[in-house]
Structures are given as structure tokens and as C-alpha cells.
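Working notes, structure below.
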Amino acid sequence: MSNGTSTSDESRDLESASSDGQDDRSRVQTSEPKGSPDENGKPPSSDGDGTQFKVDDPLFSQRKGIFQNKEMVRVGWVPDGDRIVGRDDYISTISSCLNDAVYGGAPNHISITGKTGTGKSLVSRYVTRRAVNASVEDIRIGHTYLDCSKSSTEVQVISTIGQQLNDEDIYDEDEDIVKMPDTGLPKDKFYKRLWQILDHYDSAIIILDEVDLLKSDHVLMSLAKAVESNDTSCQIGIIAISNQINFFDELNPRTKSAFQTQELNFDPYNANQIQEILRGRDDAFRDGVLTDDVIPLVAAFSAQEHGDARKAMRLFRTAGELADREGSDVVGEDHVRSAQDTLEKDRFRDFLQGTPTQMKAACLSISAKSLYSRDDYVITGELYDAYQQITNAIDMDTIGIRRFRDILDEMQLSQVIETKEVNMGKGGGRHNSHRLLHNPETILDIVMEDTRFREISKSSLKRFA
């Protein structure tokens, strides 16, 4: 077979605008290569054939702004290896698992766990890209990336994988192209068409991100057993990624038996590594626009939440966008702090939207403790006492401590709090202790947008702590 690859939605370049509507913008031929920046460093508008557009509308006119290449600070951007920090051992292990695919053999399955923003997806996609590019002559490797939070049913997964792998280049000239719709077929027909597509590849690497959000793990078993079951001749390797460290232990026994994996757990980044990651992306900005305190401050905010590089990158970009929006020539500490406040409020507002009032009361209790207690961590019983005082103060129903513990578990899974087990010493027993991962002032502001909590002032929360 000739060497070819499939391109996932995340890595595919955006299609440029069509050339219709020339009345609205003038066309200018250029000898610059497609995608080259203009004299201000801005990427040009283009219809994809090297013809670029100058925008006449002053509302959208290009100006010298903060960014030089904004894509570099977007979460989905996959950098070159020299910009990947502190992940050499993981890269080596994953490459070993995928090595046989380069020669048309069977890659090993990999299960990866770790907290958000620890580089799981980035490293997986980077090594996969390297494997595809390294494949020997006449070996065709298919590769696809799927976010299971967006495609969670078995049919959605099969359809999306098939669509991403279904490149016209894999077919002979006289061969009919397999059609893979979104819906409208029985499940077995979707599988049949996927196997037909996969038969055009020697090997395929399938990355399933947030795999714990799948509604059924049957698709894992079907993909893992595809060659053994004579469904396809393509050697399939699955990289399954989850934030939940126990997810793979809880798989259906039949799935677990078929899906034998190399297990990896990604450690969080430390503050120094976050700084190094950010410095590896600082050429996303124009020379000289970042003040000296920006990168250390972004890293410090990120380190408060287990060293989440994804949030650090989002904060880095948002600070630049705020500076750009106000027409500033530099990105400074104030922009970082404003961006942090904006992102925290947006995130927490999304978290609380549609949640029961009891969740909001629990958030108030840990916010009060975080503001007025001398201890970083607070045991469950003390939080429950504060919660009861809050519900009594606003004449609200009070749930039992078992249900309260369930709410704390939800908050931990959503990374609102961090929980650890502590030994209280002789006679004290072992207890779960909790620490708020966000600015308590921000949480109070969002919770008190609910009219039921407005009769509690911030100052009065001190008595609940």
C-alpha cells in the first residue's frame, strides 16, 4: 500500500472562506507562501489557493496587536517535541507501544490516567503523529482522535471513527467509496462499514479521550477484538484516556479481558514545569509585549490547582485577549488577574448552573471555611456543621450527612475541591479532609447570584466558619 494518513478534526486546517462575494473585499495576488504573516505579523485571510484578501470593513481591519500566532496558545495545538516539557518517559513508553505499527504490525493498547491538564492528550497525539510520519514505505497507518464527551454512544463513536478515517486517498480509482452517515443505520451496519474502511489500512491508532464518558464500554471490546474476530485485517491500537484513575478497573470483565493495555498514570506538572511550558509558547505573542511577571503569575495560579497546563494555557491566552481588546501594548499582571477572575467565574457559573440548592449551600460552607478558618483542609464533619448553620439561617431543608458526602464527592470530581484522608491521631480515627481549589470570593459572588442566598452577607459568613 502507498503511505497515507487520516487527519482528525482537531488537526485538520480550517477550510478558508469561499471566493464568492468579491464586492465586499478586494483580491490581491501575493508571492508570500500561504499562511505567511503580513507586515504586522498578522496571518492573512486566504481562500486556500494563495490568493489573499484585504478587508475593507474598518470594523475588522488588521492592526498591530498582542498576538503573533494565537494558535500556539490554544488548548488543542500540538507542539513539536522540543516544546513538550517533563514528559520524556511517557513519550518513550507510548512510542514503544506503537512501534510495531510503523512496520504494519499490531500496536499495543494503552490506558492513560491522570488529572486534567497533565499532557495526556497532547503526548498521545504527538507520539501518534510521529509514528504516522515514521511509517515505512507502503505501510499505511490510520489515526484518529475522538473526544468521548462529544461522541459518547456506541454508534456515535463508530460513525466518527469511520468518518475521520474515510479518506478518499485510501481507495483505488475504480473502487466505490464507503459511505459513513451519522445516523440511520442499524448498529451492525455501522460496524460493517467501519471494518470496510479499516481494511484499507495496515494499522490504525485510535485515541479515545475522556473514555470514561462512554455510555457503554462495548465499543472498546469490539475494537480490541476486531482482528481476532476476523472483522478486519487492520491492526488496531487503542489509546484510552481518562481523568478517573479507577475507570479501567471498573470495566466489564469481558471488555477488560479483550482490552489488555499498558497502563500509564501522568503526574501533574509543578510550577517550574508550567513556567517552562509557557516560555515555550511565548512566541505566540509579539516580541516584548509580555511583562516579566506574566509567566510566573500564570504558573502560580495554575500550580494552585495541581499544575493544570490546560488551564494555564487558557489563562495565558485570555490575558492576551484582554490586553488586545483594550488596545494595550503589553500584557501585564493586571491582565492576568482579570483573566483569572473572568475564567474562574465563568467556570464556576457553568458548574452551578442547574445544580440543586443543596450544592450551592455546600459551596458556601467550604467557602466560608476557606475564608475564615486557619486550616487549609477541613474535615467533613466541620463542613457539615457549617452547612447546617447556613440552611437554618435561610430556612432551607437540610440533607443528611450521607447525602452531603455525595455532594462533596461531586465537587471533588468536578475539581472544585481537593480531598485527602487524614489520621486524627489516637482515638480520632481517619477522616476525609477537603480543600477549596478556587478563590472563595469568586464562589461567593456566583452563589449569591441566587436570590435564595442574598440574605446572607459575606461578613455574616464568619459566624458559620
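Cβ atoms are placed via backbone N, Cα and C, with glycine included.
No curator has checked TrEMBL annotations; they are predicted automatically.
Here TrEMBL flags T118, G119, K120, S121, L122, Y269, R281 as ATP binding site. Sequence-distant neighbours of G119 (ATP binding site) (same chain, six or more apart, CB under 8 Å from its CB) are I84, G86, R87, Y90, F266, Y269, A309, listed in sequence order.
Taken from TrEMBL, the feature domain 'AAA+ ATPase' covers 106-267.
Residues or ranges marked as domain 'Cdc6 C-terminal' by TrEMBL: 363-447.
Feature annotation from TrEMBL assigns region 'Disordered' to 1-56.
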Neighbour tally for L122 (ATP binding site), based on other Cβ positions within 10 Å of its Cβ:
21
Among K120, R281 [binding-site residues], residue with fewest other Cβ within 10 Å:
R281
For the domain 'AAA+ ATPase' (106-267), what's the mean pLDDT in this predicted model?
95
Can you check what DSSP calls R281 (ATP binding site), collapsed to helix, strand or coil?
coil
